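Listed in Swiss-Prot for this protein:
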DISULFID  CYS18-CYS69  disulfide bond
DISULFID  CYS22-CYS44  disulfide bond
DISULFID  CYS30-CYS50  disulfide bond
DISULFID  CYS34-CYS52  disulfide bond
DOMAIN    8-70  domain 'LCN-type CS-alpha/beta'
MOD_RES   ARG71  arginine amide
SIGNAL    1-7  signal peptide
Amino acid sequence: IGMVVECKDGYLVGNDGCKYSCFTRPGTYCANECSRVKGKDGYCYAWMACYCYSMPNWVKTWDRATNRCGRGK
C-alpha cells in the first residue's frame, strides 16, 4: 500500500502576508522556521527571505498573485 504525500516549496509568510525576513537572522534561522512547519529544509535566499522545501500543502507561502504584504489586513 502506497501513500501519496503532497508537499510544496516556497517562501514562508507571516500573518501580515509578508515573507519571513532573514536579513539580520542567524544562519540557521530559516532551516529552523521551515522545520517548525514540517518542511524538509530551508535557507535564506539572497539574505532577504526564507525559502523552504517539501512543506505540507497547508502551510501558507508567498505568491505574487495573492501578495498582500504592506496592504493592511
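Cβ from N, Cα, C; glycine included.
Annotated features taken from Swiss-Prot, shown on the structure.
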residue	record	Cβ contacts under 8 Å, 6 or more apart
CYS18	disulfide bond	TRP62, CYS69, GLY70
CYS22	disulfide bond	TYR29, CYS30, CYS44, TRP47, MET48, ALA49, CYS50
CYS34	disulfide bond	LEU12, LYS40, ASP41, GLY42, CYS50, CYS52, TYR53, MET55
ARG71	arginine amide	GLY17
Predicted model, mean pLDDT over the domain 'LCN-type CS-alpha/beta' (8-70): 94
Cβ-based isolation winner (fewest other Cβ atoms within 10 Å) among the disulfide-bonded residues CYS30, CYS44, CYS50: CYS44
Packing count at CYS52 (disulfide bond) (other Cβ atoms within 10 Å of its Cβ): 27
Other CB atoms within 10 A, centred on CYS69 (disulfide bond): 11
